[in-house]
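Participant: For reference, the structure I am asking about is given below.
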Amino acid sequence: MSEDHFDEEHEGHGGGGGSRHPMAARFRGYLPVVVDVETGGFNSATDALLEIAAVTIGMDERGFVFPEHTYFFRVEPFVGANIEAAALEFTGIKLDHPLRMAVSEETAMNDIFRGVRKALKANGCKRAVLVGHNASFDLGFVNAAVARMDMKRNPFHPFSSFDTATLAGLAYGQTVLAKACQAAGIDFDGREAHSARYDTEKTAELFCGIVNRWKEMGGWEDFDD
């Protein structure tokens with residue numbers, strides 16, 4: 001299904017008639033929401049979702065975007081989930097840590113989706129579009145969790161995304177998150193990396209920096225369509 005066909009089938013989700021909110025005008029009715037997941041492996045169908053964070057994006061009166069609200073959850077592995085030892089070693093996640101305080105996938109996804117829907121309404125947008133560093137990975141795990149729970153109200157577009165690895169490669173010649181942030185003048189602490197919350201907040205800073213830099217260079221105008 002093409003994106004245009006998907007849009008036609010889902011018109012009416014979000015702001016109605018009248019003048020559009022500047023955010024809706026900027027991204028054709030879509031609200032960027034930055035997401036990062038930490039997982040038990042690479043296979044979204046079989047491997048556990050262990051952490052998820054989301055940052056909604058706001059826009060100021062001058063049309064510059066900024067990270068707005070952060071949502072973060074440590075997640076209990078779903079029943080039968082695969083967890084690779086190498087994945088835990090890479091992320092540093094300790095499943096038996098007494099302060100981990102994980103919640104179910106259902107609780108995590110419902111709370112994040114509730115916050116995203118609130119942001120959609122506030123910005124007059126019809127749907128969220130996932131922003132991620134190597135976004136297809138994060139979107140795959142979000143979609144897999146939605147499918148496992150048979151969730152009917154997923155605010156995210158099922159296949160469109162903004163990938164900051166690609167955007168940073170264009171803007172700064174860097175595709176690794178830490179190096180891209182450094183090139184953009186964003187502090188990045190490697191000791192905090194691979195926490196979903198930290199990576200999401202840094203990805204949000206990077207995305208906003210690239211979008212705002214493009215605006216400052218005169219690369220986008222509010223064209224009516």
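Backbone N, Cα and C define each Cβ position, glycine as well.
The region 'Disordered' annotation in Swiss-Prot covers 1-21. Residues or ranges marked as domain 'Exonuclease' by Swiss-Prot: 33-207. Annotation comment: Swiss-Prot describes ASP36 as Mg(2+) 1 binding site. The Mg(2+) 2 binding site feature in Swiss-Prot is assigned to ASP36, GLU38, HIS194, ASP199; the stated evidence is sequence analysis. The site 'Important for substrate binding and specificity' annotation in Swiss-Prot covers PHE42, PHE90, PHE137, PHE159 and is backed by sequence analysis. Annotation comment: Swiss-Prot describes HIS194 as active site, proton donor/acceptor.
If you look at the structure here, what lies around each of the features I listed?
Facilitator: Taken together, the residues in the domain 'Exonuclease' (33-207) have a mean pLDDT of 98 on the 0 to 100 scale.
Counting Cβ atoms from all protein chains shown, ASP36 (Mg(2+) 1 binding site) has 30 others lying within 10 Å of its own Cβ.
Following the DSSP three-state reduction, the secondary structure of ASP36 (Mg(2+) 1 binding site) is strand.
Counting every protein chain shown, the number of other Cβ atoms lying within 10 Å of the Cβ of PHE42 (site 'Important for substrate binding and specificity') is 12.
For the recorded site, PHE90 (site 'Important for substrate binding and specificity'), the DSSP three-state label reads helix.
DSSP assigns PHE137 (site 'Important for substrate binding and specificity') to a helical segment in the three-state reduction.
The Cβ neighbour count for PHE159 (site 'Important for substrate binding and specificity'), using a 10 Å radius and every protein chain shown, is 14.
The Cβ of HIS194 (Mg(2+) 2 binding site) has GLU38, PHE90, THR91, GLY92 as same-chain neighbours under 8 Å, each 6 or more residues away in sequence.
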Participant: ASP199 (Mg(2+) 2 binding site) to PHE137 (site 'Important for substrate binding and specificity'): how many Å between their Cα atoms?
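Facilitator: That comes out at 14 Å between the alpha carbons.
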Participant: Might you list, by sequence position, any residue in that chain lying six or more from PHE137 (site 'Important for substrate binding and specificity') with a Cβ less than 8 Å away from its Cβ?
Facilitator: VAL37, PHE42, SER44
Participant: Just checking, which of GLU38, PHE90, ASP199 (recorded positions) has the fewest C-beta atoms within 10 Å of its C-beta?
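Facilitator: Candidates: the recorded positions GLU38, PHE90, ASP199. Fewest Cβ atoms within 10 Å: PHE90.
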Participant: Could you tell me which three-state DSSP class PHE42 (site 'Important for substrate binding and specificity') falls into?
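Facilitator: It is coil.
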Participant: Taking the centroid of the Cβ atoms of ASP36, GLU38, HIS194, ASP199 as the Mg(2+) 2 site, which other residues of that chain lie with their Cβ within 8 Å of it, listed in sequence order?
Facilitator: VAL37, GLU51, ALA53, THR91, ALA193, SER195, ALA196, ARG197, TYR198, THR200
